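Student: Once you've had a glance at the structure underneath, I'll fire off some questions.
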Amino acid sequence: MEEREERVRDDTIEEFATYLELEGKSRNTVRMYTYYISKFFEEGHSPTARDALRFLAKLKRKGYSTRSLNLVIQALKAYFKFEGLDSEAEKLKTPKMPKTLPKSLTEEEVRRIINAAETLRDRLILLLLYGAGLRVSELCNLRVEDVNFEYGVIVVRGGKGGKDRVVPISESLLSEIKRYLESRNDDSPYLFVEMKRKRKDKLSPKTVWRLVKKYGRKAGVELTPHQLRHSFATHMLERGIDIRIIQELLGHSNLSTTQIYTKVSTKHLKEAVKKAKLVESIIGGS
């Protein structure tokens, strides 16, 4: 009986994943939502708001942050709607997140971090997180074919909300990509692959986090991948680039998400410079 129930539950989770994909959710979101819903049912809960609150209370006691709890609530609400339980979904309220300002790095700190890289691959990872403002998942999903050398752009596929976007990159960054690709001796379609595995699988987010932390320590900076993205936005704004352009480059659907950087930056009145200057100022100091 238990085995049959487990099989039915697995089938339901699979159907839920398909529903999320059809709703346009990113692979990352589908993975996280199905993970939490699986946990929810593993603990014997039923799809009701009351059981959802019990589940959330337990996670909070375990030390889950408000941000993490928000993600679980979004997963539960999505599942309830999938099951046609809109009234139960409405009972779950998302707590307000405190608006914290992202900590931006100085250009000198970024330079130290880039110069700390031990391989061409690692250097390029850091340069793309900073110089193109990529999310970790976007970086890991990049394929060699997504780099258009003729037009000087990369196609970022399946960003937040499952949206693709085109990001222009500088000549300096294109040269770094060419140099890195020339050093590769595998036929993986992905731009970045795991170095230590015999089979060259695409790079995992966990590896990116580990590398970023490592080079942050070497450069004497407490660092996360998202900080490099934050710094890209802040430094662009400081150089006079219009916030709507930064919004497009970051792949933000709402301008209000990007506008948080106006509170961090203090040099808005500088004359606008070409985007290429941002990366060249880092590489030029190497």
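Glycine is treated like the rest: Cβ placed from N, Cα and C.
What Swiss-Prot lists as active site is ARG135, LYS160, HIS226, ARG229, HIS252, and the listing cites similarity to another entry. For TYR261, the entry in Swiss-Prot reads active site, O-(3'-phospho-DNA)-tyrosine intermediate. Here Swiss-Prot flags 7-84 as domain 'Core-binding (CB)'. The domain 'Tyr recombinase' annotation in Swiss-Prot covers 100-274.
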Student: Work through the active-site residues one by one (HIS226, ARG229) and point out the residue whose CB has the fewest other CB atoms within 10 angstroms.
Tutor: HIS226
Student: With DSSP assignments reduced to helix, strand and coil, which class does HIS226 (active site) get?
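Tutor: In the DSSP reduction, HIS226 (active site) maps to helix.
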Student: Within the domain 'Core-binding (CB)' (7-84), count helix residues (DSSP H, G, I), strand residues (E, B) and coil residues, in that order.
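Tutor: Split into helix, strand and coil, the domain 'Core-binding (CB)' (7-84) gives 62 helix, 0 strand, 16 coil.
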Student: I'm checking region-level scores; what's the whole-number mean pLDDT for the domain 'Core-binding (CB)' (7-84)?
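Tutor: Within the domain 'Core-binding (CB)' (7-84), the model's average pLDDT equals 87.
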